[in-house]
Ligand SMILES: Cc1ncc(C[n+]2csc(CCOP(=O)(O)OP(=O)(O)O)c2C)c(N)n1
Ligand SMILES: CC(=O)[C@@H](O)[C@H](O)COP(=O)(O)O
Ligand SMILES: [Mg+2]
C-alpha cells in the first residue's frame, strides 16, 4: 500500500487522523485488486467491507474487543490491517496464511470461520463470558452478511441473545447478494427496510412523541393517547423483526460512508445490550466488473486487472459440468426430479437448470439442515429430490440425513459435491469426512464415480432406483476423466464394483476419481515387471463382497486408495470385511491422515498425503518389498 505502507496493525491505524482514512481505504482496495488479480481468491466481499473494516478497527480496541467475521471470506482487509500484510502474498497457498480468519494465525482473529452463520453464536458466547466475569467495558462485534443471515443458526443465536441481553453488536452487512443472488423472504424484508424507510420514519415520530408528549401540536389529544398506548403495547417493537427479538435495531446506514460509520460506532459503544446495525454495502465496490456481474466475481481466478478478463479459465470438462448437464437431461424425461441447493447454485452447476426449469430448482438459502429435510418432504410426497450439497456443508445436516431421510428410507439423492480435498479453501472446506459419517448410517447407498461415464450412470441409477431409499454420490471439485464411447445411460448394479486391470503381485482397490492415479501408477509399475491388479469399488456402501472375496483369496497384499479420511473411510470398511472374514493379508490404506488437512492445490495435497501417482507407486514398492517382514502378515497403515 503506497501512501500508508507503514500501517500494519490497528494501533498504527488509530494513530492516523480521521482525514487520512479515506485514502487508506483506496489503498486497501488497490492492494486487494492487485493481489486477487495475480493469485485468485475471495474478492468482492472484501472489496465491499473496506470502510467497515477500517471504521471497526479505528473505533474499537481490537484485539481486546472481540471481532468475529462470519464465513470469513470478506476478512482480507482485516488481515491486511492486523499484521499480515507482509505475508499476504502466501494467502491460501501451501504453507501460507489462511484465506479465512484463524485463531492459530492471529490474536485479532477472535474466532475461526469458513462455514457460514456461526458469528452471532460465537460472539454471544464471548459476550456472556464477559457478563459473567463482570466485565462491562469489553465490546463484542459480529459482522454477518445478508446471505449468512438466512441460516437457522443465525436466528437461533439472535433468539438467545435477545433473552440473555449481553453487550454485543451485530453488524448486518447487507449487499443484497449471497454468492449468487440472495433468495428468500428475509431478503425482501431487508430490502423493504432499506428502501421503504417507513420503519425509521415511524420510529422517529414515536421517539418525538415519547420525549415531548403531545407533539406534534396539531395532533388531537385522543390520537396521541392511543398512539402512546399502542407503543407501550409493542407497536414499535413488533414492527421490526430484530426489535421483536429484543435486539435494538439501528440503520439502515450506508456502509461505505466512513465518517458516518465511525460516528455511529462511537455512539453504539455506549449503548448496552444486544444491538444490530443494518449496513447497506455494494459487493465488489471499487472494481467495476465486479459490481456489474456480482456472482461471477465472488471468488475469481487470476484476471487482468485493467480489463477484468479471466486469465486462468478452466478448460477441462468438470464433474460439475457433467452433473449439471446430466441432471437436466434426466429431469427432461423424469418429471419427478427436483434439484435443491443450499445457496450454491452456480458452484453446483445448477444455474442453467434453474433458468430452464425454474419451478424444479430450489435455492433454499444457506440452510443445509432445512435443505435435507425439505428434500425429505418432497420425497415423502413422491418426488425424487437431488439434494446437492458440498461435502463439508453436509456435515451440518447430519441429523437430518439420519432422522429425516435414512430412518424413513426416503428416496433422496444426495449429490455430494467438493468431496475429497478442495484445494486452497483448506481445512474448513475439505470434504474429508462424508464416507466415514455416511457409511455407518443404515439404509443409505453410497457411491463415487471414477470418470464421467460412471458419474452419468450413477445419476441415472439413483433416479431409477425408487423405493430403495437414500442414494449418495460423492464427487470432487474440478476436472473429470472424460467419456469414451456412447453417451447414453446404463443402470448399474447397486453395490457392485469392477475390475479395471488384472494382475498377480498386489491388488489396489480404489474409490472414485483417485482411481485415475491408480491407473497411471499401474502403467508405470508394469514397466518394472510389477503386475498390479486394479479394482474400482464404485460403492462404499454396500461393499461388493464378491469382489472382496475374490481379491482377498487371490492376493496377499492389498492397498486401498480414497480421497477422504482413512479413519472410518472405505479402506476401513475393507479392513472390517477382511477381519470379519478371517483373511490374513497385508493391507495398506491410503487417504487423509487423522489431522485436519492443510491448504494447497488439490494436486499438492494428494502428493503431500501420499495418494497421488507417485505416492501409490512408492507404497506398492514398499509393500511388495516388506511383505515378508510383517509378523502376522497384517500390516495396517498408521499415519
Ligand atoms: C454452512 C455454509 N454453507 C455455504 C457456504 C458457502 N458460502 C460462502 S459465502 C456464501 C454467501 C454468503 O453471503 P453473505 O453472507 O451475504 O456474504 P457476501 O458474500 O455477500 O459478502 C456462501 C453461500 C458456507 N461458507 N458455509
Ligand atoms: C467461502 C465459501 O464457502 C465459498 O465461497 C467457497 O469458497 C466456494 O467454494 P468453490 O469455489 O469451490 O465453489
Ligand atoms: Mg451478501
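Positions of Cβ are set from backbone N, Cα and C atoms, glycine also.
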- [ ] Check TrEMBL: it lists 73, 114, 115, 116, 147, 148, 175, 287 as binding thiamine diphosphate. Then name which of 368, 453, 466 it lists for that same site.
- [x] 368
TODO: Provide the number of Cβ atoms within 10 Å of the Cβ of residue 115 (thiamine diphosphate binding site), excluding the reference atom itself.
DONE: 21
TODO: For each of the binding-site residues (146, 368), count the other CB atoms lying within 10 A of its CB, then report the residue with the highest count.
DONE: 368
TODO: Taking the Cβ of residue 73 (thiamine diphosphate binding site) as the reference point, list residues of the same chain whose Cβ is under 8 angstroms away and which are at least six residues distant in sequence.
DONE: 42, 45, 46, 99, 100, 299
Open item on the list: My understanding is the cutoff is Cβ-Cβ under 8 Å with a sequence separation of 6 or more in the same chain; which residues meet that for residue 175 (thiamine diphosphate binding site)?
Closed with: 45, 48, 145, 146, 280, 281, 282, 283
Task: Span of the thiamine diphosphate site, taken as the largest CA to CA distance across 73, 114, 115, 116, 147, 148, 175, 287, 368 (Å, rounded to a whole number) - done: 32
Task: Cβ neighbour count (within 10 Å, all chains shown) around residue 147 (thiamine diphosphate binding site) - done: 30
TODO: Kindly point out which of the binding-site residues 73, 115, 146, 175, 368 have a C-beta less than 6 Å from some atom of ligand 2.
DONE: 73
TODO: Among the binding-site residues 146, 147, 175, 368, name every one whose Cβ is found under 6 angstroms from ligand 3, counting any of its atoms.
DONE: 146, 147, 175
